[in-house]
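Participant: Quick paste of what TrEMBL says about this protein:
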TRANSMEM  20-46  transmembrane segment
DOMAIN    39-290  domain 'G-protein coupled receptors family 1 profile'
TRANSMEM  58-80  transmembrane segment
TRANSMEM  100-122  transmembrane segment
TRANSMEM  142-166  transmembrane segment
TRANSMEM  194-219  transmembrane segment
TRANSMEM  240-263  transmembrane segment
TRANSMEM  269-292  transmembrane segment
Amino acid sequence: NSSDLSPSSFILASIPGLEAAHFWVAIFLCSMYIMAVTGNCAVLFIVKTEPSLHSPMYFFLCMLAAIDLALSTSTVPRVLSFYWFNTREISFGACLVQMFLIHTLSAIESTVLLAMAVDRYVAICHPLRHAAILTNAATAKIGLAAMARGVLFFLPLPLLLLPLPFCSSRLLSHSFCLHQDVMNLACANTTPSVVYGLTAILLVMGLDAVLICLSYILILKAVLRLASWKERLKAFSTCVAHICVVLVFYVPLIGLSVVHRFGKDLAPLVHITMGNIYILVPAVLNPIIYGVRTKQIQKRILNLIHIYNN
């Protein structure tokens with residue numbers, strides 16, 4: 001049976017066979033979420049209070065931290081309420097809002113990662129022009145452009161789903177709402193939604209990935225022209241943290257997309273695990289990566305720990 005109206009709610013997916021362990025699953029996810037919030041708030045606090053870090057590279061890092069905070073906060077508390085209190089239903093409106101936030105924030109993060117790649121390219125290939133090209137005003141404009149780009153490209157996704165009728169099945173394959181997941185429950189022609197969703201992904205995340213690769217090809221060429229291996233390693237070492245963050249973002253994104261497109265016969269555990277990795281792992285690892293690779297942040301963290309212990 002199908003309805004001519006949108007459902008009042010969807011049912012979030014649980015891990016099959018682990019219903020009795022929901023409390024411990026929630027404890028693990030809550031621990032990851034606390035790590036993500038603590039790490040990203042620490043990055044924001046350190047950059048704000050340390051004048052020597054008031055440069056485009058660290059402003060982009062702050063944008064990344066704020067996005068990770070927003071992305072994890074828009075999903076994890078709802079997932080925790082599901083595992084702790086068994087509130088499996090999420091209203092249709094809340095599901096569309098959550099879906100919009102997840103995809104829009106992911107698009108903004110992708111754009112910021114591209115901007116960080118451009119920052120590294122200018123710093124290494126045109127060091128004398130870096131301060132003139134990437135001013136604080138230009139950095140702020142890039143941040144606003146990233147937000148506008150994400151909203152404009154992904155606002156149509158929930159709007160395309162609003163008029164669709166949904167079949168009697170309301171069970172999602174994740175513990176939160178994603179466009180592909182919700183779209184698959186519609187019992188109507190979803191071709192416009194499929195085409196637009198794929199186009200938006202390719203024009204935002206796909207294009208950003210290509211441009212990031214192009215930036216690093218140019219960086220590698222510039223580094224290889226340096227006289228000694230010591231200079232080459234020193235120049236390229238400034239990019240290591242950013243490369244790691246790019247991989248941490250794009251590998252789960254690609255994995256989740258592959259699971260949705262080609263993994264319909266996979267166990268539900270795979271879908272749920274990939275979804276949780278996509279939402280939580282970048283938010284947890286990004287502050288750690290930059291904390292380990294950036295001496296200024298390391299020094300500031302050690303100072304804070306020393307003050308706290310005293």
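Each Cβ is built from the backbone N, Cα and C atoms, and glycine gets one as well.
Note that TrEMBL annotation is computational and uncurated.
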Participant: The domain 'G-protein coupled receptors family 1 profile' (39-290): mean pLDDT?
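Facilitator: Here the predicted model's pLDDT, averaged over the domain 'G-protein coupled receptors family 1 profile' (39-290), is 90.
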Participant: Taking 3+ C-beta pairs under 8 angstroms (sequence gap of 6 or more) as contact, is the transmembrane segment (58-80) in contact with the transmembrane segment (194-219)?
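Facilitator: The transmembrane segment (194-219) and the transmembrane segment (58-80): touching, no.
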Participant: Cβ pairs under 8 Å with the transmembrane segment (194-219): which stretch of 20-46, 100-122, 142-166, 269-292 has the most?
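Facilitator: Out of the listed stretches, 100-122 contacts the transmembrane segment (194-219) most.
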Participant: If we skip the immediate neighbours and take only residues 6+ beyond the ends of the transmembrane segment (100-122), which ones have a Cβ under 8 Å from one of its Cβ atoms?
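Facilitator: Answer is 56-57, 60-61, 63-64, 67-68, 70-71, 74-75, 129-130, 133-134, 139, 142-143, 145-147, 149-151, 153-155, 157-158, 176-179, 200, 204-205, 208-209, 211-212, 215-216, 218-219, 238-239, 242, 245-246, 249, 253, 279, 282.
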